[in-house]
Amino acid sequence: MTSATDPCSFSSFSKCVTKHLNLTFHVDFDSHVLKAKVALTVEVLVDNFTSLTLDTKDLKVSKVTANGQAAKFTLGAKHSFMGTPLEITLPFDLSRGQHVIVEVTYETAPSASALQWLTPEQTAGKKHPYLFSQCQATHCRSMVPCQDTPAMKHTYYAQVSVPKELVAVMSALRDGEEPDPQDSSRIIYRFRQPVPMPCYLIAIVVGALESREIGPRSRVWSEKEFVDKAAYEFSETETMLKTAEGLAGPYVWGQYDILVLPPSFPYGGMENPCLTFATPTLLAGDRSLSSVIAHEISHSWTGNLVTNKTWEHFWLNEGHTVYLERMIGRSMESEQFRQFKAMGGWKDLQESVNTFGANNPLTNLVPNLNEVDLDEAFSSVPYEKGFSLLYHLEELMGGPEVFMGFVKSYIQLFSYSSITTEEWKHYLFTYFKNKVGILNKVDWNAWMYTPGMPPVKPQYDSTMADACIALCKRWVKTKEGDLGNFSEVDVKTLSTHQLIEFLSLLLQEEPLPLSHVKRMQEVYQLNAFNNAEIRFRWLRLCVKSKWEDAVPMALKMATEQGRMKFTRPLFK
């Protein structure tokens, strides 16, 4: 065990660890609250154990028991973003190795940061309300009193009572349903998660959901308006899962379902175990092998099975997941495709570093998070700086096959645990013990603890990017009188990924003259594209060039979905 503190949690995990949660939720759509009970099975790590601290945020706690006996509890002072510590005093003392079941009866707040309550108007079907949760990084405490730190892993069981016209799903295996004995207008859904996981991966959705089978261990869930489109879009899921297993080892979570959320979901995806959450902006109708799904599938190993011990080590989750996602792309497409995606990632990193400032300590690969609100620290740094380090090491250690051998071995060794950067690095040096001389030459301090861009820029193969760069240059250099030289042939041979890159490059230049974007629409018909990544960049390009016709289209895109990646820059 390295340090037993997490700057983002009040809970005392050097003294006790949660082994299992048993959740009972009554979902109340009228008052926008969960009326709830949680029983935590806690293992004691020290002698003379008499009290414990749990994380909470805006919870109304009405009762606490320990092994069925009433326990005294107090709520501490409220912290601006970390919530409120719940101090529980046991009616007995325990010794190291003993277990206690602590049961807390409580209610969530209508404003709980983990929960998003949608009115019927905010859904695709317009008839029924909808609830979804998003606990990463530290919002589980607003839904469940818990040791809200990724250092802690536990199994969970849940029963969820909802109105009977709705369906509940969770980040767990479905375990049956029955009428609610307390209320004939409601139904109880049961769930079990037998694989220990951190509490930020607890997730719930309640809505008018339907599902379709898309593979031997996969279903897609969504409102009926999206479900067939989603089943078509995600038909390659099993191929991707098999590819990932070939790279990283067996998939241990049993089921791999995808849930397509209503348009207001703020992220591209969220790797909730057994049930990846996905934005409907992925439903482009072109089955462009979604790197979002490759990314979320990869998390089944890196993040969910091997987890960062605290959020300062978030790059262990995300850097390795991006590495694995791009290895899946390499297997399913080509090495050139992987190189192309890596180049795009470097640009995203550059953008994040520019936004935060090159001296901002939040651009460290391993930042200090004391008194930092994680929602404000979120960026592509842990993803892309993390990937750059792994790619750099891949080059030093002997190429993708050799380095993937390390990644697979690392996953096997640290499965079911939570680790720090030091533990990762120690294993890297152990695995490559005959190459320690080379590893010692790496400037670890510059990579890990220095802000800004990485100390080394990898030389990526630019074959797929060259066509995008050349076309971008033509548009930038062409004078108004020569716009006739462009035709639809220019983009005929470009893949979806290359078209996105072409538009990204143009966005980095000074705004094009209005005559140019009008001609671009004439020859490439970009308004007709439904792919959200293309549409998002094209509309930004038009607005930057002050094309008035594009403003209502850009506003429509910014408001008809809530994915932050699109909505924020469009409004800007």
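Placed from the backbone N, Cα and C atoms, the Cβ positions cover glycine too.
Just so it is clear, the model here is predicted, and its values are computed rather than measured.
Less than 8 angstroms from the CB of E296 (active site, proton acceptor) sit G269, M270, E271, T276, A278, each of them six or more residues away in the same chain. Under the heading active site, proton acceptor, TrEMBL lists E296.
The Cβ neighbour count for Y383 (active site, proton donor), using a 10 Å radius over every protein chain in view, is 23. What TrEMBL lists as active site, proton donor is Y383.
Annotation source TrEMBL lists peptide binding site at Q134, C135, Q136, P266, Y267, G268, G269, M270, E271, R563, M564, K565. Take the CB of Q134 (peptide binding site) and look out to 10 A: across all protein chains shown you find 21 other CB atoms.
Just so you know, the Cβ of H295 (Zn(2+) binding site) picks up 22 other Cβ atoms within 10 Å once every protein chain is counted. Annotation comment: TrEMBL describes H295, H299, E318 as Zn(2+) binding site.
Residues or ranges marked as domain 'Peptidase M1 leukotriene A4 hydrolase/aminopeptidase C-terminal' in TrEMBL: 463-572. Mean pLDDT of the predicted structure over the domain 'Peptidase M1 leukotriene A4 hydrolase/aminopeptidase C-terminal' (463-572): 92.
Cβ environment of M564 (peptide binding site): P266, Y267 lie under 8 Å away, each six or more residues apart in the same chain. On a Cα basis, H299 (Zn(2+) binding site) lies 16 Å away from Q134 (peptide binding site).
Cβ atoms within 8 Å of the centroid of the Cβ atoms of H295, H299, E318 (the Zn(2+) site) belong to the same-chain residues E271, E296, S298, T302, G303, N317, T321, V322, L324, E325, Y383, site residues excluded.
Sequence-distant contacts (6 or more apart, same chain, Cβ under 8 Å) of H299 (Zn(2+) binding site) comprise E271, N317, T321.
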